[in-house]
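Some notes on the structure that comes next.
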Amino acid sequence: MRRYRGSMRPIITELDNNKRGSIRTDVADLVMVKYKCSSNGVPITQTNGSTLPLVPGSSKDAEFGGYNPFDHRTVQYPTTDMETFIHLLKGSLGSGILAMPLAFMNAGLIFGLIATATIGFVCTYCVHILVKSSHKLCRRMQVPALGFADVAEVAFLAGPPAFQKFSGLFRGLVNTFLTIDLLGCCCVYIVFVAKNIKQVMDEYVLDINVRWYMLMMLPLVIAMNLIRNLKYLAPLSMVANFLVGTCMTITFWYVFQDLPPMKSAPFITDWHKWPLFFGTAIFALEGIGVVMPLENNMKTPQHFIGCPSVLNIGMAIVVLLYSTVGMFGFLKYGDKTEGSITLNLPKDELLAQSVKVMIAVAIFLTYSLQFYVPFEIIWKGSKHRFTSHPVLFEYLLRVLLVVGTVLVAIACPNLGPVISLVGALCLSFLGLILPSCIDLVTCWEEPGLGRGYWRLWKNMVIIMFGILGLVTGVYSSMLDIIVTFNQ
């Protein structure tokens, strides 16, 4: 029987001549029907015995030589390229940028620059292959869009029979790691904002426990996260980007005053310090969790990847900014570099103290974007239980999750190293290892592994790089935890 290219396989037993006459059953195909129905608003019961297409056709389908998923996406509040670009910058520019000078202290000026550019390139490439795999799977399965966990599950279900049994496992891993990592980041953001505000208040007003600042932040955090549409978060992201840019400008002004010569700092450090650099850099640069929601909500998703594209321009700016902050921050403060570059600024100058306030506000506004993805994961898996008043229960769940993150931050105000450990574990898997596995499984049969199995070797190199990042990230985080607990 001829194989159907560019469309969903029929739900019948299929003879695959490329597999020594093996018979492929319809188990995976039945699951694909579930995806087509749920993604296009068609009840599954309507497909039984029906000859009607699950997706309405359009005149552009023939033009593109088959199903075009972009024509069938129905997003209620689509974001423009500029709005997506702003969200991407804000999702990638977290508090990790403030630790880049410390990362360079563990790598050296020249080696830090080369390694940061390498990590940024690999992370960006992994996002490319993840989004490309999503587009391929959307065309094969004839669905408009797939989330991160959907891409992982469908890739294995639609792949070779030996891989299909791992589909549920990989979907669960994606959802679990994303939820833990991003909610953990929300907890860290609460601690970060409270501690920066406390340092300023201690200097000019009064000295109170940092936990009181977290409680005072709670009503504002709840109100901000009652915004349900990603489109309406764009103004908050624009304000946060402006504040980050202002803070970096003021910080550079202090850094470039009486800047030491380049030869005053080592170009490369001892190799046993490199794991601390790699763990910090990978955790800081990786923003894989916000990629698929941003691409799925775009008005023109074909502009997300390519050359030039929203992704390439955004990540180039992110890597350039991280490298600049890391190199010159380390060159300025040398062995006295703190965990956050703002802690090196003068404490007796109002302008320097204003940097802490502005960066605290910027990170505070970033909370909503980090909260968006884990909430969507949890709500999608639980909303079927609340069919009577879904909007009310959605708001209640938002409030409960926000309160939970603040309570965790209050209970563990020094949880930064612990969350870094979770982030290193999650992001090395989600950002490097998993996209390479998805690319392999998606392309295994069509278009294949390439001449000399180049696609296999390429992805194996990235997977090994991800394992290196995982091991070094865990190592550096464990060192931080030991130091923190000893203190």
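Glycine residues also receive a Cβ, built from the backbone N, Cα and C atoms like all the rest.
The domain 'Amino acid transporter transmembrane' annotation in TrEMBL covers 82-478.
Distant neighbours of the transmembrane segment (85-104): 79, 112, 116, 185, 188-189, 192, 230, 233-234, 237-238, 240-241, 244, 276-277, 280-281, 283-285, 287, 289-290, 294, 310-311, 313-315, 317-318, 321-323, 325-327, 329-330, 332-333, 337-342, 344, 359, 363, 365-366, 369-370; these residues of the same chain sit at least 6 beyond its ends, with a Cβ under 8 Å from one of its Cβ atoms. Per TrEMBL, the feature transmembrane segment maps to 85-104 (among others).
Feature annotation from TrEMBL assigns transmembrane segment to 110-131 (among others).
The transmembrane segment annotation in TrEMBL covers 173-194 (among others).
The feature transmembrane segment is assigned by TrEMBL to 210-227 (among others).
Taking Cβ pairs closer than 8 Å, the transmembrane segment (239-256) reaches residues 86, 89-90, 93, 97, 321, 325, 328-329, 331-332, 341-342, 345-346, 351-352, 354-355, 358-359, 361-363, 365-366 in its own chain, all 6 or more past its ends. Annotated transmembrane segment per TrEMBL: 239-256 (among others), in sequence order.
The feature transmembrane segment is assigned by TrEMBL to 276-294 (among others).
Marked as transmembrane segment by TrEMBL: 306-331 (among others). The list of residues near the transmembrane segment (306-331) in space but at least 6 beyond its ends in sequence, with Cβ under 8 angstroms from a Cβ of it, reads 81, 84-85, 88-89, 92-93, 96-98, 100-105, 109, 112-113, 116-117, 120-121, 123-124, 127-128, 131, 248, 251-252, 255-256, 259-260, 262, 264-265, 281, 284-285, 287, 291, 298, 337, 341, 344.
Under the heading transmembrane segment, TrEMBL lists 351-375 (among others).
Outside the transmembrane segment (395-416) by six or more residues, the chain places 183, 186-188, 190-192, 194-195, 210-211, 214-215, 217-218, 221-222, 225-226, 371, 374-375, 378-379, 382, 480, 484 with a CB less than 8 A from a CB of the stretch. Taken from TrEMBL, the feature transmembrane segment covers 395-416 (among others).
If one looks beyond the transmembrane segment (422-444) by at least 6 residues along the same chain, the residues whose Cβ comes under 8 Å of a Cβ in the stretch are 122-123, 126-127, 129-130, 132-133, 136-137, 148, 151-152, 155-156, 158-160, 163, 170, 173-174, 177-178, 180-181, 184-185, 279, 282-283, 286, 288-289, 455-456, 459-460, 462-463, 465-467, 469-470, 473-474, 476-477. Annotation comment: TrEMBL describes 422-444 (among others) as transmembrane segment.
Outside the transmembrane segment (456-478), and at least 6 residues removed from its termini, the chain residues within Cβ reach (under 8 Å) are 119, 122, 125-126, 274-276, 278-280, 282-283, 417-418, 420-421, 423-425, 427-429, 431-433, 435-437, 439-440, 449-450. Among the features that TrEMBL reports, transmembrane segment is placed at 456-478 (among others).
Tertiary proximity for the transmembrane segment (351-375) is limited to same-chain residues at least six positions away from its ends with a CB under 8 Å from its CB atoms, namely 87, 90-91, 94-95, 98, 178-179, 182-183, 185-186, 189-190, 192-193, 196-197, 199-200, 203-204, 217, 220-221, 224-225, 227, 230, 233, 236-237, 239-241, 243-244, 246-247, 250-251, 254, 289-290, 293, 342, 345, 397-398, 401-402, 405.
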